[in-house]
Every structure is written in C-alpha cells, then in structure tokens.
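A.B. asks: This is the structure I want to talk about, given as structure tokens.
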C-alpha cells in the first residue's frame, strides 16, 4: 500500500468536547482589526489566535480541584470559557489554538480548534504495491524490491500545497487546522489562514489538459496534505455517547437530587427518578447511535478506479487514494463518481439526480483545451463529473479512453458539501426550547430566595447544621422538579408512537414540537407534488393543407402512419440495450415505447455498446428501417427548420400546451446523403439546418391524487405553501395552478435578474402576466402598461423566480429579497444550495418553515428547515428529521396535527410541572414557618401517585381529528399569556392554602404544633393536615385545567387512562381527607380533626368544599380570563407587528397598504424596446431611496403583460 506516514497527527480535528455552539445576536458589521476566514455567501467567520498560559492553566486547575471538578463540568458545557481560562490571546502566527466565531444571520457558533504542524522531513514514504490490478503484474504478487528506502528513490524533501490563488508551491512545513471537515492552511505571505482548495480555482483549461497522471511519489506528497478521498461520518462509541449525554445539565441536577433524597431516606421516589432517567438516557443514546450508523452507511462509499500514470500506464487503485491532479479513466459500463473531476476526453451520460433531483440524464462533454479559459465550476458544469453522481455510460471514438482529471476530493466535493450541510446544519431557533431553559432559571432564582430564607430562619431558631442543610437543599429540588425531563420525554414518546401509526418515522424527537408551529411549507415538485417521470400525452403532427401548413389535433403515437414523424420518434434517441433491458433517458424511453417498435443492436454484446458508433435497428411490423440516432437540440427545431415547413399556428399551439404544464418537444428531419462513418464525423452545425418540421411531442407530469386536497387544507389553515424545484419555470407554474398552490385568479409575476456584465450593472426585471386556468385557456392578450392598480387586486399576486435570478438577487438586491420571499410562491431551477438559502431567508423573516422533498438534492433544505419531511428512504431520509412511508404529501397535515398536539401537551406538562413545584414550594414555606414539613409518605403520595401518574398519562390524548385550525398554538413559554396563567393559578393556590392554614388555627379543637418534635422528624399536626389536604386537590385540578382539548387535542374524556386516574385519585383524596382508615393515618403520619366532634368532622368536608370552589376559580381563570380575554381579545389589539419578530407580518402589511407600488409613473420612466415589448427602467439608487418598493400590485382582469426593469448601480 502506498502511504505517507507523519509523526504528527494529520487530522487535527479535536474531540467533540472542544466544540461549542451558542446562539446570540450577531454584530451588524465586521469588527475592525479582526482576522477572518472565508466561508459561504451567508456566513462570515472571525478567527482569534490563542496560546497556552502556564499561569492561567495552573490557577484554573487549582479551582477545578477545589470545586471537586464542578468547574471543569461548566467548561465542558461552554468550551470557550475553558479556552480563555487556560490560554492567552495572541497573533495567529504564534497561536497553538484558534477560536472560530462563525456568524450566521442573527446567530453565532464557536469552534475551538488545535493547530497542527506537519514537517516534510518527518514524513516517511513507503512504496508498498498498492495497485490492485495492472497489465504487468498480477494482484497479490510482490517482489522484495517493492518496499524501497527513501535514499534509494531520490524522494523529494518538501511538500506541495496550493496557495490561496490556486498555484502549487513547495514548502518545508505546513501549519493547519480542520473546522467542519474543511482544512485551513497558514499563508506566511498574507499572515492568514485560507481554505485548502483543489484544482477548481486558478487553473485554465490548458492547465487541466496538461495533466497526464501522477507518479506514486507525487500522489503520496499530495495525500499528506489532502488526506484520503473519503467522506466518512464519525460514529461515536455508545459508551462515549452515554457519558457525554449523562453530563447534560438536567441529568447532573437529577444526580444531585437523588443523592440528596437518598441521604434523607426518601428512597422510593428517588429510585423511580433513577430508573426513568436511566431508561430515557439509554433510549436517547441508542437512537443517536442508530442515526449515526444510518448516516454513515448511506453516505460512505468506496470503489476501485483506474488512474493514468507517467508513461501512459494504467493502474487500478482504491478510490480513497485519489488526489487532485490524478487522471482517472471512466469505465465504459459507467460508475459512481468518487470525486469531482473535469472531463478531458470522451463524453459521458450522467444521472445527476443526487444533485438536482431530476432523474433525466445529462450529457457531459470534454472541456476545451484553451489557455484563455479559466475553469469555474458554475460556468463549466457541463464538463464536470460530480462526486455522488452516476455515470450511466460513456461515448468515445475508436480506441480512445474517456478520461477526467480529479479537481476535488473528500469533503471539498459537491457530495462532501452536501454531507457537511447535514452534519453541521444552521442553528434553528425555537422559542419554546429557549424559554424552557429561561423558565428553569427563574425557578432557580425562586429556589435561591427560598434557600436563603430557610437558612436564615432556621439558624435563628437554632436548628442543627444537618437539618438546615437538608431542608434548604431539599427546597431546591422541590422548586426545580427533577422529574421535568422525564415528563417531557414521556409526552414526546407518545407523539412518536402516534406518528408511527401514520407511517411517519422520526429520528429527531426534539423536532416534533416545532412542527406544531409551522406556518410555511416548501414543497419539491417532482416526486413530491407530482409523479416521478413523464407520461406520454400525445403527438401533434403537421397537417399540409393547400394554402398553409398547420398543426393537427393531438393524437396517440400508436395511430400515426408510417412516416418521418413516426420514424423520428423511433430513432431520435440515445437508448441502448444492456442486459436485455432498454437503458437511457426516461423521456426517450417513454417516446420510444409509445411507438410500439422494438430496438435491436445486432452483432454487439453489452460490453461493446457504449461506443455508440454502430447503427441501431428499430423494428415495427413493417420491414426494417435503419436510421442513425442523431439527437438534435429539440428546443431549437423551429429555428433550425425551413420557414415554409413551420405551421402558422405553431407559437399559439406551443404556448397553449406550455401554460397547461405539458413538456413539449419539437421534431424535425432532413435526409443525409452520406455514409454512416462520414455522418458520425460531420460537424453538428452542418446537420442541424434546413430541417423539415414534423410536429410536436406532448408529455405531462401528473399530479399525485393527494396533492390538491392537502394544499387546499393548508391554505384553509393559513399555512403558506411554496414550490421549490429544479424543474423549469413553465412546468412549475402550471403544476402550481393545477394543485391550487397558486389560485386561479392570482396574478403571477416572474422575476428575471441579470448579473453585471461588460460594465452593465446588475438588473432586476418583473414580468407580470395573467392567464386563465389551463382548463379554460383562451389565449393571452397584450396591452400597454397601467400604473393605476385595482385596490382589490393588491394582495392577489405572487412571485415566481428561477435559480439564476435568485443568485443575482441574493447577491445584488438583498434589500428587495425579503419582499420577494414574502410573496414568492414558485421557485424553479433551484440547486440544492439555493433551496437551503430560501429556507434560511424564510426563517430570517420569522417563518417556521417545513420542507417536504424526496431527493438527495433536498438534503440541505431538509436539514436547515425547522421540520424536514423526506418522502425517500435514501439520502434524504438521513438528513431529514421525519421520513414518511407514504410517498405523498398527505403526511404534512398529519405531522402538523401531531406537532400541535405535542406542543400543546409539552406546554401543558411544563406549566403543570412548574405549577406543581410552586404549589409544593408554597406548602413547604408555609409549614417551615412553624418548623414543620410534609412527611415522607405525603411527599411520596404527591410526587409518585399524583404528579407522576398525571405526567405519564397527560400526553396520551390524541391529536384533534378535525380540520387544521387557522391558528397555531403559542410557541413562546415566557410570553404574556403562559406566564400570566401560571402566576394567576399560583396566586389562587397561595390564597387557598394560606386560608386553610389560618382557618384551622381558629377552630376550637385545634392543637398547635410543637416545633421540638421536628428534631425527631415528627411532623403530624393539624396545620399539616389542612395544608396537605388542600394541596392534593390543587394538584388534581391543575392537571385537569392544563389538559386542553380542541382545536389541537381531542377532548380529555377520550383519554381513558387520564380520565380514569382523575376519578380514582380524586376518590382516594376525598377518602384521605374525610375518612382515612387507621393504617393510612399511621402511614401518612397525619393528624386528622377528631371524628367525635361535629365541628371537626364538618371541617373535613369544608376542605372538600374549598377544593370545589378552587376548581371553579381555576377553570374560570384558565378558560375565560387567560384564553378568551387575554389571548383572543387583548393580545391581537396590543400586538405591534412592526416590533414583532415575525418580520413577514410587517412586510405583508406594507405590501397591502402601498397602493403606488411600484413607485413608477409614465412620466418618470424611460420606455425602451418596441411597442410589443415595453420596459420601464428605474435606477437602483432611486429604489433604495424609496425602500426598494419593487413589486407589482396586481392588475385589473384585462391586464396581461407588464415588464418593469430596474438596474443596480452597485
């Protein structure tokens, strides 16, 4: 094996504990004097150098030891603090560690990385026979001379790396670090780090053609820098995952709580918490491990490849050994690309569905050998074979080989970038999760106040230190319920089970709650809204009349007479037969199969068919017809045909079929009086001219039957639907109208943007056309531009945009972008990065975005969305939190229903657990005032039999089976309504418990509690009875009040277990209060009012009557004051959308109120073009001064075509 062994670690990726993430508000502008490293278009990263300080390290570890490791635990949670506590900031040149602060929108993430140094002199080269097969030596044979020492080979003593401009340079040593799988190298000249690139920058086409293979020495040198060509997803061992998850702050607090309880002999409840926490932890770790294994097995692939070496020798090596500069040979039968490579010789038919989502194969041609052409991936995509794509077959001439030069490997490839977007998704903000931590912090503050009060009062009473410590610390575990994670987990488990019934599988349980507030869903088209592939709709042949040429009505291909149109359909394709099956473009297959002919390739076996230099035979029921399969550009047929053969109604018919969403292809022919060999060598331009037009081929992409009802259901629920696809614009528009995503009366404004070119600034053009629905098509009318827009039509328009325009707008018209996104409905020709950018733009406007797709090209968007739903079991399923076994969008409303149910359940459980903690806190503080407390059995009855039972059964209520509500449940736990709900309920709790506490003291049979008995843990008293009896009913009523029903959950009586537990526990509490048996009195250590005293016995029923009164007040407070008055009446009136985090509300209001937008008038605009194509031009500076109000306000019904063009002055 060929290897380069270095004494230093060549993978300086530090362990997980060295990384940290936090979401904070990003600065508005770059800080002066701060170093930066390059990132993507949406990201900027600052980099700071640090080196270890012995003094700071010693002091830090001293405090770590003094704190018994607790300080180190805090540093584990916040790694940046550990870095700053043990290191001092310095220049990057002398740094040993770096802090990367990556800004993304309003968030930032911190990464702590270690700098490694590689010395060329410390590298030992070995040449083991790594070739798996060659022409001169058989596999497995090995001579003693295969391993040679360095001095015998005259090996180089330097390393070769590309500098920041792409030029290869030789250096003695390299300083580098890895962040997010990307390597950054130190540049001594610029005194900065730059990202390691391959041959994709700074190389001309001529430079790429100069590569004729690398020797094993050069391969080894480059592999030292680039590493192995593999995309591996690390699988963390289960033991390590278990340890890291156990260090979660919640689990640490639970450990502290159970230790305290065991020391206080509170064994039963502590054991329950331990068992449930361990089960929850193990299940969570197991799920995480399974997800890592699934992602790794799906992503990681390896193969053997043939590479060219000096002397035109060909050797086979593992794909992991490829480096930029290697020349690989593409096998005739095709292969899966393991790297990004530029085609140098020969053609390839490639399936790029992994990148684009479209299953239509594309043809890759070799790049021209010119010194003035700089290779750029975006401009030369038709010459680039991307990693992860499938080469179906190759085409070459004679004995030539199909060769390509490797330009990128590993995570630098297109597939590697996709995997990185899955492994390191952008931070997603969900208010409920953030507020839950803040609320726990508030509870901790309350616990701190109670802790201080308890310590002070008990010290003043002269209690022992042990008693003070146990009571004070126990108060903390009461206010902050250790069972809260368990209660939240149980609710999520029920949601997972309900989703599984709907055949929706989840790998990220934390995403379930957020799916309940989705208000914008992005859909892929092909395979998601529509069926995969195209179906033959019919053929429109040319009809030759005496006066003019016209198109005949659509007919089936099988009914065509034997003529040139039928012959063209049978022969104009690139289909071949492999393993007795026809293989080729799916469109070609549909076209050929519709003819009913058969394809025969006589005299060739499967291994020789990729040449495509031999004629094929297509056989109808008539004699054989031999036609070469010349495939012309069908979209240009009309312009390449003789004018007299073009039908008079060609444009009208073409437009009619196009706006109905059909895929239309034109067919033409001309005779060739050439031999077959000469026909293959003739210039294509000489063939594609003077054609005779034959007709149109009409194909359709059918909607899935579930699509339209789901879109209608989402619209009715005020959930926005957006189509984002890689397909063309016209097809997307038609599908959008057909499924109801764009309403029949809604005007569609198409956005066209052009990048700066030859001194011309970037331009933005709006094309507003309005046509009838496909079923009622009557043609298109044209009229002059109208500025006065009907007010009622102002909100009846939407935008449609293609990926090319998106890129320009995203770069040059960022201020206009938000308005376009708010009203955007159709986004066509979008690549994977642009899909992800769209999702992120929507999120930045305050939308909660869901993404539904089925292809690997959707992976980035699926991962970036708040809730991604995959309809595929391939790559998309490992990137998406949710995967549906039903390949249609019916899973979307089901997920939203279950998400809303889970979110309302989580809110209810959280509010209930908080109210329970505060209720018990109130009871304890009241009893602490007389040095009393609840007994252990009383604690156990409340914690285990009341709270735990309710918390377990709380989430069993199913989601509402009616239509989706037109509003979402609240997502912010610290908003006015939930906080006011908890405060009002706790206020009522305090009032009733305090009243009972003082009311019992006014009874004639009352016996005061003797505080001296507290030292013997005897807490039985009448005060204890009154407070405990009242509180147990409050726990039941709070659970009943917070268990909400429609419109997000079913009625509570449908949850039989919860309803049954309410009834049984209420009966038990009544018995415990009114007539407890003697053994219950003994176990619970309660002092009940004497039974022989009528007044005392009536007091027992008074507690029950007070509980009934409390329940009435609690229900009235929750459903009338909180829900009806505060949430439904007062909140909408006082809600200021201009200060809301939902920016889209203010933008939408602005668009609706602005009746003069766009800010144009005929006198202010310069008309360009002819009368048939009018344009309005406005300088971008004027747009900026008017807040870039660059949209069209709809149109009166007769208005059809409007074009408004803006030029950027940037």
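Numbers run from 1 along the shown chain.
Just so you know, glycine gets a Cβ as well, placed from its N, Cα and C.
What TrEMBL shows for this protein is this:
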- 11-38: region 'Disordered' (REGION)
- 41-187: domain 'P5B-type ATPase N-terminal' (DOMAIN)
- 59-82: transmembrane segment (TRANSMEM)
- 203-261: domain 'Cation-transporting P-type ATPase N-terminal' (DOMAIN)
- 302-419: domain 'P-type ATPase A' (DOMAIN)
- 439-456: transmembrane segment (TRANSMEM)
- 476-496: transmembrane segment (TRANSMEM)
- 909-930: transmembrane segment (TRANSMEM)
- 936-955: transmembrane segment (TRANSMEM)
- 976-1000: transmembrane segment (TRANSMEM)
- 1055-1075: transmembrane segment (TRANSMEM)
- 1103-1127: transmembrane segment (TRANSMEM)
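Relative to the rest of the structure, where do these features sit?
C.D. replies: For the transmembrane segment (476-496), the list of distant contacts is 250-251, 253-254, 256-258, 260-261, 273, 276-277, 280, 440, 443-444, 446-448, 450-451, 506, 509-510, 512-513, 898-899, 901-902, 905-906, 909-910, 913-914, 916-918, 920-921, 924, 943, 947-948, 951-952, 954-956: same-chain residues at least six beyond its ends, Cβ to Cβ under 8 Å.
Below 8 angstroms of C-beta separation, residues 436, 439, 443, 446-447, 450, 453-454, 457-458, 471, 475, 478-481, 483-484, 487-488, 491, 942, 947, 950-951, 954-955, 973, 978, 981-982, 985-986, 989-990, 993-994, 997, 1009, 1011, 1019, 1021, 1023-1024, 1027-1028, 1031, 1034-1035, 1038-1039, 1042 of the same chain, each at least six residues beyond the ends of the transmembrane segment (909-930), sit close to that stretch.
Sequence-distant contacts of the transmembrane segment (936-955) (same chain, at least 6 residues past either end, Cβ-Cβ under 8 Å): 265-266, 268-269, 272, 483, 486-487, 490-495, 902, 905, 908-909, 912-913, 916, 920, 1024, 1028, 1031-1032, 1035-1036, 1039, 1043, 1055, 1057-1058, 1061, 1065, 1083-1086.
Same-chain residues lying 6+ beyond the ends of the transmembrane segment (976-1000) with a Cβ under 8 Å from its Cβ atoms: 907, 911, 914-915, 918-919, 922-923, 926, 970, 1006, 1022-1023, 1025-1027, 1029-1031, 1034, 1038, 1041, 1099, 1102-1103, 1106, 1110, 1113-1114, 1117-1118, 1121-1122, 1126-1127, 1131.
Remote same-chain residues near the transmembrane segment (1103-1127) are listed as 970, 976-977, 980-981, 984-985, 988, 992, 995-996, 1026, 1029-1030, 1033-1034, 1037-1038, 1040-1042, 1070, 1073-1074 (criterion: CB distance under 8 Å, separation of at least six residues from the stretch ends).
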A.B. asks: Who are the long-range neighbours of the transmembrane segment (1055-1075) in its own chain, taking Cβ under 8 Å and residues 6 or more past its ends?
C.D. replies: 945-946, 949-950, 953-954, 956-958, 1029, 1032-1033, 1036, 1039-1040, 1043, 1084, 1100-1101, 1103-1104
A.B. asks: Could you break down the residues of the domain 'P-type ATPase A' (302-419) into DSSP helix, strand and coil, giving a count for each?
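C.D. replies: Tallied per class, the domain 'P-type ATPase A' (302-419) gives 19 helix, 46 strand, 53 coil.
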A.B. asks: For the domain 'Cation-transporting P-type ATPase N-terminal' (203-261), DSSP counts of helix, strand and coil?
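C.D. replies: Counting residues by DSSP class gives 38 helix, 1 strand, 20 coil.
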